[in-house]
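The following features are taken from Swiss-Prot:
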MOD_RES   Thr2  phosphothreonine
MOD_RES   Thr2  N-acetylthreonine
TRANSMEM  29-46  transmembrane segment
TRANSMEM  118-133  transmembrane segment
BINDING   His118  chlorophyll a ChlzD1 binding site
BINDING   Tyr126  pheophytin a binding site
TRANSMEM  142-156  transmembrane segment
BINDING   Asp170, Glu189, His332, Glu333, Asp342, Ala344  [CaMn4O5] cluster binding site
TRANSMEM  197-218  transmembrane segment
BINDING   His215, Ser264, Phe265  quinone binding site
TRANSMEM  274-288  transmembrane segment
Amino acid sequence: MTAILERRETESLWGRFCNWITSTENRLYIGWFGVLMIPTLLTATSVFIIAFIAAPPVDIDGIREPVSGSLLYGNNIISGAIIPTSAAIGLHFYPIWEAASVDEWLYNGGPYELIVLHFLLGVACYMGREWELSFRLGMRPWIAVAYSAPVAAATAVFLIYPIGQGSFSDGMPLGISGTFNFMIVFQAEHNILMHPFHMLGVAGVFGGSLFSAMHGSLVTSSLIRETTENESANEGYRFGQEEETYNIVAAHGYFGRLIFQYASFNNSRSLHFFLAAWPVVGIWFTALGISTMAFNLNGFNFNQSVVDSQGRVINTWADIINRANLGMEVMHERNAHNFPLDLAAVEAPSTNG
């Protein structure tokens, strides 16, 4: 009798690490994108929490007038924010080691740049991780495509807009009131409400909410009865069951009679594609709008576009919005400018006769 002994090569440490990283059996999938996502998002989150609680005031306008944003310096949850990096830094890469001291780094708003850049890397990797997990499971890639809309929006306000305006100080502050301030100033300087891409974004968000509510209520109203009156209707569903849990024909018939026949989907797949695509495309357009307005390709200007036969201006809603824009513009960064940009751009009249 002859025994044949086969020497099995033990898998290398690197091979086991690769298998663990890409395993779909882990409770939470890591993936190669996760290797970068986890440290960047942890860094952004940690610095955000510390800075929101304890960061000293930041000289956002670069004029030696620091603005307080943290809780320990007098703010609450509503008014608090991570103040954007100083206009004195502009678009320069400003890590801690570029400052003369940590105090200088904090005074110039270094935490904002650190948080934003790590956050954008992290959410981009999260999107890649969605694609990676879909690929491993043999799924189609549209989850990552849908997530690209909020990623594009965040990239627009935190990176593209500061690049276009020439300074991270023009980025969106990381806080509730700071976000509202960003929106108001954006309207004042770019007339975003009159930009078609913003209008498409509004239609996408509000339309998506409407369609989500319509779909959820139609499905909930046409569930196939599996329970008694004394049980929750939710008990009639078992995870993984093969049968439909609602009657799409009944839902189609109801909605087709409520509006008209062709307003109602008769294909569940095309319906769900529509529910995903509508808000995603709208938010894509808004991100594109922010990115074009970053370089001052602004919303429509219909100011004083209606005049009577004598040449006198008949005010329209556009003129009311323009007046509001001017009011908002003269109030923001009030000590940084003598005049708002669009008023200072007009040639001054001669004073020497």
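Along the chain as shown, residues are numbered 1 onward.
Heads up, the Cβ atoms here are built off N, Cα and C, so glycines get one too.
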Comparing 142-156, 197-218, 274-288 for Cβ pairs under 8 Å with the transmembrane segment (118-133), the winner is 142-156
If you count CB pairs under 8 A between the transmembrane segment (197-218) and each of 29-46, 142-156, 274-288, the winner is 274-288
Row Glu333 ([CaMn4O5] cluster binding site), column other C-beta within 10 angstroms, all chains, value 16
Between the two most distant Cα atoms of the quinone-binding residues His215, Ser264, Phe265, the distance in Å is 11
Students should find that the Cα atoms of Asp170 ([CaMn4O5] cluster binding site) and His118 (chlorophyll a ChlzD1 binding site) sit apart, in Å rounded to an integer, by 18
According to DSSP, Ser264 (quinone binding site) sits in coil
Under a three-state DSSP reduction, the secondary structure at Glu333 ([CaMn4O5] cluster binding site) is coil
The answer for the transmembrane segment (274-288), taking Cβ pairs under 8 Å and residues 6+ beyond its ends, is 142, 145-146, 148-150, 152-153, 155-156, 197-198, 200-205, 207-208, 211-212, 215, 265
Same-chain shell around quinone excluding His215, Ser264, Phe265, C-beta within 8 angstroms of the CB centroid, reads Met214, Leu218, Ala251, His252, Phe255, Leu271
Around the Cβ of the residue listed as 'chlorophyll a ChlzD1 binding site', other Cβ atoms within 10 Å, all chains included, total 20
Quick tally, other C-beta within 10 angstroms, Asp170, Glu189; top of the binding-site residues is Asp170
Most Cβ neighbours within 10 Å, among the binding-site residues His215, His332, goes to His215
Nearest by Cα to His215 (quinone binding site), of the binding-site residues His118, Tyr126, Glu189, His332, Glu333, is Tyr126
Other C-beta atoms within 10 angstroms of the C-beta of Phe265 (quinone binding site) total 19
Long-range Cβ list for Ser264 (quinone binding site), cut-off under 8 Å, min separation 6+ in sequence, same chain only, gives Ala251, His252, Gly253, Phe255, Gly256
